[in-house]
């Protein structure tokens with residue numbers, strides 16, 4: 001199985017499976033001299049880790065990160081400085097229960113990668129989905145923690161903006177609320193609605209989809225490239241690589257089809273400081289594949305978790321018609337924990353483009 005790496009200069013390779021002894025990543029191309037602490041990496045890991053509320057999988061993983069290479073420890077015993085060599089990070093699996101998946105060893109879960117993995121490779125890891133499990137994304141979040149340090153002033157924040165048909169009221173958007181509830185929800189009025197709704201979904205043994213929005217501020221103007229290396233192209237690609245993601249939009253996205261040219265165009269003026277300013281940001285911070293300096297805004301849609309308790313029609317590896325009901329511990333809405341994953345992927349993509357731009361133009365933005 002190939003294609004386990006992404007990025008060009010800031011290149012991330014992830015490895016490991018959902019029910020293996022461990023998983024991790026190798027970050028290649030990180031510049032020397034980047035300083036960080038394990039606590040800073042762990043902060044982002046803790047946002048993603050399972051078992052933190054009744055609305056996510058009850059699998060209990062501490063997701064403690066170990067840095068194995070690519071750094072030197074400072075005299076304070078906490079701060080690490082990158083040396084420019086590959087940074088390898090490891091996360092141990094401690095709460096896998098493979099016996100829960102015995103009944104689907106030869107059965108394909110509808111909506112899951114079971115069928116296509118078996119079709120392509122002739123073998124699949126049915127224990128939690130192997131590489132197709134969202135467990136793999138823990139390694140991406142670890143890599144994203146390093147990426148955030150590469151670009152000066154970069155601030156990447158995400159929020160859940162829709163669960164099922166229930167959307168937030170954008171007039172109530174408050175970033176301070178995002179870490180105050182189990183949904184990463186910026187609208188405090190929507191929290192009790194989602195709680196009641198997801199309790200019903202969870203008790204029925206079903207699942208539901210969601211939409212995540214990520215905003216990256218401090219993205220240097222001018223990074224990116226035209227045609228085949230657009231910043232928005234690579235952001236879309238990175239987000240689409242996340243498990244269960246079925247759609248991505250940048251800026252106004254699909255809603256721009258409803259706008260006129262006058263409404264959609266981001267008008268400009270010169271500011272009092274002699275720098276250009278945009279009067280709107282329908283483009284989501286990117287024009288012609290190149291960052292404008294405005295916040296980069298992306299949204300991605302996540303399908304409902306395929307592993308559900310409701311019986312569904314399928315087939316087995318012998319070609320028999322069967323009914324499938326998945327046991328085990330699963331997210332009733334995988335979109336909740338996708339928030340820090342989306343943040344990490346955009347951080348890695350911006351870091352990669354930042355280094356590529358620096359190498360091509362020599363500018364330190």
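Don't overthink the numbers, they just go from 1 along the chain as shown.
Yeah, the Cβs are placed from backbone N, Cα and C, and that goes for glycine too.
Going by Swiss-Prot, these are the annotated features:
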type	residues	note
BINDING	48, 54	NADP(+) binding site
BINDING	131, 132, 133, 243, 244, 288, 303, 304, 305, 306, 307, 329	FMN binding site
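Structure with Swiss-Prot features highlighted.
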residue	record	DSSP class
48	NADP(+) binding site	helix
54	NADP(+) binding site	coil
131	FMN binding site	helix
244	FMN binding site	coil
303	FMN binding site	coil
Binding-site residues compared (133, 305, 307) - the one with the fewest other Cβ atoms within 10 Å: 133
Residue 48 (NADP(+) binding site) and residue 244 (FMN binding site), Cα-Cα, nearest whole angstrom: 16
Cβ neighbour count within 10 Å of residue 48 (NADP(+) binding site): 25
Rounded to the nearest Å - Cα separation of residue 131 (FMN binding site) and residue 48 (NADP(+) binding site): 17
Cβ atoms near residue 303 (FMN binding site) (within 10 Å, other residues, all chains): 17
Spatial separation of residue 48 (NADP(+) binding site) from residue 133 (FMN binding site) - C-alpha basis, Å: 14
Per-residue Cβ crowding (10 Å cut-off), top of binding-site residues 54, 131: 131
Residue pair residue 54 (NADP(+) binding site), residue 305 (FMN binding site) - Cα distance, angstrom, rounded: 15
Cα separation, residue 307 (FMN binding site) to residue 48 (NADP(+) binding site) (Å, whole number): 19
